[in-house]
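The following features are taken from TrEMBL:
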DOMAIN    16-368  domain 'EccD-like transmembrane'
TRANSMEM  7-23  transmembrane segment
TRANSMEM  29-49  transmembrane segment
TRANSMEM  70-88  transmembrane segment
TRANSMEM  94-115  transmembrane segment
TRANSMEM  122-143  transmembrane segment
TRANSMEM  149-172  transmembrane segment
TRANSMEM  225-244  transmembrane segment
TRANSMEM  250-267  transmembrane segment
TRANSMEM  279-298  transmembrane segment
TRANSMEM  304-328  transmembrane segment
TRANSMEM  340-360  transmembrane segment
Amino acid sequence: MGWLTAGIVGWACLILVNWWWSIGGTDAHYGWIGAASASALLLALLAAARGLSKANADTVAGRERRATGHALSWIALIPAAAAAAMSLPGTPGLWHVAAALVAVIVGVIVLATVWGRHIVAIAAMLTVSVFAFAAAVVAASTWEVRPERVAVIALIGVIVAVTWATTTAVAASGVPTPLFPSVTNRGVFERLPGQPADTVSPVGPTGVATAEQVRAWVMRGNNTMTGMMIGLAVVTLVAARYAVVPGQPGGWRYTAFVGAVCVILVLRSRSFVDRYQSVTLMIAGVGAAAVAIGRYAASDATSLKVALVCVGVTLGIAVMGLVTALVVPFREYTAPMRRFVEIIEYVLLLALLPWALWLLNLYPVIRNAVRHGI
């Protein structure tokens with residue numbers, strides 16, 4: 001019933017947004033009704049979720065009601081996004097989409113804090129929403145950045161997010177971080193009450209964490225990282241579609257950049273212990289390569305030569321992936337071979353940023369800034 005309710009609420013909000021968009025936005029005659037209706041629906045869902053969440057958990061009916069209230073709180077994200085979009089004045093545009101994404105991001109964070117469940121889905125939604133919000137802001141601004149350049153920035157963001165995924169997961173897990181001395185030692189060493197004025201003692205968390213606490217930290221951090229990998233995989237596939245521009249002057253530069261990102265993601269997948277995270281990152285790299293090949297096939301759909309080449313490359317990637325899956329996990333590799341693979345990844349990483357600056361045409365800007373002392 002939860003999915004059915006979500007579908008009905010989503011359809012109702014879509015009808016409201018379509019009407020609001022068609023009349024020209026909030027500034028039109030009666031344009032405020034769209035935001036008011038979505039807000040009323042949001043309040044009704046939150047009130048129902050609040051009431052059902054107080055049901056008695058000792059009975060079957062009470063547990064069902066509590067589960068329904070939990071589902072309604074998530075469904076409330078739909079009218080929240082619609083109300084945020086329709087509340088902004090002006091002609092409907094990408095800024096209204098950005099407002100809806102902000103509402104989704106804030107709502108997901110609040111629900112994650114309240115419920116503490118569905119960490120994988122929450123992390124994936126937050127990852128995709130943050131990238132989508134950044135892209136919407138750039139597209140709505142007056143910067144006139146071409147889509148392929150926005151996609152290049154998104155792919156750089158994917159590499160950075162994958163690199164710092166472990167740190168992000170540790171921060172999200174809630175595990176107490178070790179306290180290191182600071183410049184003033186404030187919060188690390190303090191004079192405790194009742195002690196002499198010329199003595200200090202270490203302060204910080206005391207006691208030993210229980211097994212349940214450690215398990216909760218590990219599961220929360222691992223689920224956060226899994227959700228991040230899923231979200232980053234989605235962003236990679238979408239960005240690869242827009243980053244590859246066959247037929248345009250210098251289009252090979254973008255294709256080479258996407259290819260390097262794909263190789264980095266495939267090589268980086270071996271560093272994740274969790275199988276789902278490793279496989280997700282592998283799928284992201286291979287899937288982005290397939291998307292790039294599809295872009296070239298679609299650019300000249302009537303050419304037999306292009307079609308055969310694209311099919312051959314796609315099948316080659318499939319065969320390579322199959323052989324790798326059947327051979328690599330069951331063989332022991334020497335340290336020089338592993339180091340060689342690491343060097344390939346490091347070389348690609350070192351070349352990625354200068355290549356991205358070239359694609360973004362930032363070298364003239366940097367040269368002028370240095371020349372004029374800006």
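Glycine is no exception: its Cβ is also placed from the backbone N, Cα and C atoms.
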Dominant neighbour of the transmembrane segment (279-298) in 29-49, 149-172, 225-244, 304-328, by Cβ pairs under 8 Å: 225-244
Proximity of the transmembrane segment (149-172) to the transmembrane segment (250-267), 3+ C-beta pairs under 8 angstroms: yes
Chain residues in Cβ proximity to the transmembrane segment (304-328) (below 8 Å; excluding those fewer than six residues from its ends, i.e. six or more beyond): 282, 286, 289-290, 293-294, 296-297
